[in-house]
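*Asks:* Take a look at the following structure, please.
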Amino acid sequence: MVSQRRDADAPKSILESLAGTRVLVVEARYYDDIADELLAGARAAIEAVGAEARIFTVPGALEIPSAIAILMEAGRKAGGPYDAAVALGCVIRGETGHYDIVAGESARALMDLSVSEHLPLGNGILTVETMEQALARARVSEMNKGGGAAEAALSLLAIKRAANLEPAR
């Protein structure tokens, strides 16, 4: 997680300051077994700090940035905005150039969205060469990249709050 200087008015724990936050999780379930592991890791990391995960599913990695943008706006308009977002999916290299487009454009769109909207966003879209690499990175018992993506989003949210850009709930 994030470390911060301990001022007198700083929260006792960054983790305590994240309790009750709403985290949007958008997952691509193109590979169900990988998606299950990524989601389990992300959900565990979010719940560990007392935050709430709201999960939506899209067909593939390229749809994730658009879905996050749509759902963030819908949350704002409904009066229940999300505090952070997590993108989960997997792109495995094939025989064509499709991998390069999906991997590059999904990452670019997520970064553009995060920077332009000041959105704490964790990118858990795996870009790998083989199914074995994907499983090793997705499994909670191994590299737990879903949990890592959620922790990244929560760390960015803590930074945003420490900078007084967003009040704690």
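Cβ atoms here come from the backbone N, Cα and C positions, even for glycine.
Because the structure is a prediction, the values reported are computed rather than measured.
As annotated in Swiss-Prot:
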{"type": "ACT_SITE", "residues": "HIS98", "note": "active site, proton donor"}
{"type": "BINDING", "residues": "TYR30, ALA61, LEU62, GLU63, CYS90, VAL91, ILE92, ASN123", "note": "5-amino-6-(D-ribitylamino)uracil binding site"}
{"type": "BINDING", "residues": "GLU95, THR96, ARG137", "note": "(2S)-2-hydroxy-3-oxobutyl phosphate binding site"}
*Asks:* Between the recorded positions GLU95, THR96, HIS98, ARG137, which lies closest to LEU62 (5-amino-6-(D-ribitylamino)uracil binding site), Cα to Cα?
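*Replies:* With Cα distances computed to LEU62 (5-amino-6-(D-ribitylamino)uracil binding site), the winner among GLU95, THR96, HIS98, ARG137 is HIS98.
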*Asks:* Which one is it, among the recorded positions THR96, HIS98, ARG137, that lies nearest to CYS90 (5-amino-6-(D-ribitylamino)uracil binding site) by Cα separation?
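*Replies:* Nearest by Cα distance to CYS90 (5-amino-6-(D-ribitylamino)uracil binding site): ARG137.
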*Asks:* For VAL91 (5-amino-6-(D-ribitylamino)uracil binding site) and HIS98 (active site, proton donor), determine the Cα separation and express it in whole Å.
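*Replies:* Cα to Cα, VAL91 (5-amino-6-(D-ribitylamino)uracil binding site) and HIS98 (active site, proton donor) are separated by 10 Å.
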*Asks:* Could you tally the C-beta atoms, other than its own, that fall within 10 angstroms of the C-beta of LEU62 (5-amino-6-(D-ribitylamino)uracil binding site)?
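*Replies:* LEU62 (5-amino-6-(D-ribitylamino)uracil binding site): 19 neighbouring Cβ atoms within 10 Å.
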*Asks:* Can you tell me the three-state DSSP label for CYS90 (5-amino-6-(D-ribitylamino)uracil binding site)?
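*Replies:* Reduced to three states, the DSSP call for CYS90 (5-amino-6-(D-ribitylamino)uracil binding site) is strand.
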*Asks:* State, in Å as a whole number, the widest CA to CA span among the 5-amino-6-(D-ribitylamino)uracil-binding residues TYR30, ALA61, LEU62, GLU63, CYS90, VAL91, ILE92, ASN123 given in the record.
*Replies:* 16
*Asks:* Please report the three-state DSSP label of TYR30 (5-amino-6-(D-ribitylamino)uracil binding site).
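*Replies:* Assignment for TYR30 (5-amino-6-(D-ribitylamino)uracil binding site) reads coil.
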*Asks:* Could you state the whole-number distance in Å separating the C-alpha atoms of ILE92 (5-amino-6-(D-ribitylamino)uracil binding site) and HIS98 (active site, proton donor)?
*Replies:* 10
